[in-house]
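A.B. asks: The Zn(2+) binding site feature in Swiss-Prot is assigned to HIS14, HIS27, HIS29. Marked as active site, proton acceptor by Swiss-Prot on the basis of similarity to another entry: CYS23. The annotation active site, charge relay system is assigned in Swiss-Prot to HIS68, GLU130 on the grounds of similarity to another entry.
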Amino acid sequence: MIKCTRRIDFDAGHRIIGHKNKCQFLHGHHYVLEITIAANKTDKLGMVIDFGLIKNLAKKWIDANFDHNLILHQDDKEIGKQIENYTGQKIYYMRNNPTAENIAIHLKNEIFPKLFIDQNFFVTSLKLYETQNCFVEV
C-alpha cells in the first residue's frame, strides 16, 4: 500500500457544550489537518493522487465551510442564529460537540468520502491538530 499525505491549515472557532472548563466558551484555534490517502498501486503517471486534487477538493470544502467560521453543535443554534444575524456568516453545525475528535470523524466518515467518490484511492487516516502540541487521529 502506498500512502500520500497533504496538510491543510484553517482557523475556526467552536465551543463544547457541557464542558466544565474554558472550552465551554466560544474560542478559536489554528487547526492543521493532515489527510492521508492510500492506494494499492500508482496510476499510469506513477501517482496515488495528484496533491493538487487533494487541495482542490478538500481545501475548497474546508475553506467554504470551516475556515474563519464557527463550528457549533446543532443544539447551539440559538447562539449560532444570533451570530449569523449579526455577522452574516453561515455557521457550520454538527450533530455532536465540535471536539477535535468529532470534527476529524465527521470529515473522514461523512465529508471526504463524498468529495473523493469514484477514485482509485481512499482516505486511510486524518490527523487534526487543535494546537501545535495536541492532535487526534482517526
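Any Cβ shown, glycine's included, is placed from N, Cα and C.
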A.B. asks: Of all the binding-site residues given, HIS14, HIS27, HIS29, which residue's CB has the most CB neighbours within 10 A?
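C.D. replies: The most densely surrounded of these binding-site residues is HIS14.
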A.B. asks: So if I measure Cβ to Cβ from CYS23 (active site, proton acceptor) and keep only same-chain residues at least 6 apart in sequence, which ones fall under 8 Å?
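C.D. replies: Set apart from CYS23 (active site, proton acceptor) by at least 6 residues yet with Cβ under 8 Å, we have ARG15, ILE16.
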A.B. asks: Go through HIS68, GLU130, the listed active-site residues, and name the one with the sparsest Cβ surroundings, counting other Cβ atoms within 10 Å.
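C.D. replies: Comparing Cβ neighbour counts within 10 Å for the active-site residues HIS68, GLU130 gives HIS68.
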A.B. asks: Using DSSP and collapsing to three states, where does HIS68 (active site, charge relay system) fall: helix, strand or coil?
C.D. replies: coil
A.B. asks: Of the recorded positions HIS14, HIS27, HIS29, HIS68, which one has its Cα closest to the Cα of GLU130 (active site, charge relay system)?
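C.D. replies: Nearest candidate: HIS29.
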A.B. asks: Excluding HIS14, HIS27, HIS29, please set out which residues of the same chain place their CB within 8 Å of the center of the CB atoms of the Zn(2+) site, keeping sequence order.
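C.D. replies: My list of surrounding residues reads ALA12, GLY13, ARG15, CYS23, LEU26, GLY28, GLU130.
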A.B. asks: If H, G and I count as helix, E and B as strand, and all else as coil, what does DSSP give for GLU130 (active site, charge relay system)?
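C.D. replies: DSSP assigns GLU130 (active site, charge relay system) to coil.
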A.B. asks: Can you tell me how far the Cα of HIS27 (Zn(2+) binding site) sits from the Cα of HIS68 (active site, charge relay system), in Å?
C.D. replies: 12
A.B. asks: Cα of HIS29 (Zn(2+) binding site) to Cα of HIS68 (active site, charge relay system): how many Å, rounded?
C.D. replies: 10
A.B. asks: Name the secondary structure element type, per DSSP in three states, that contains the residue listed as 'active site, proton acceptor'.
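C.D. replies: DSSP assigns the residue listed as 'active site, proton acceptor' to helix.
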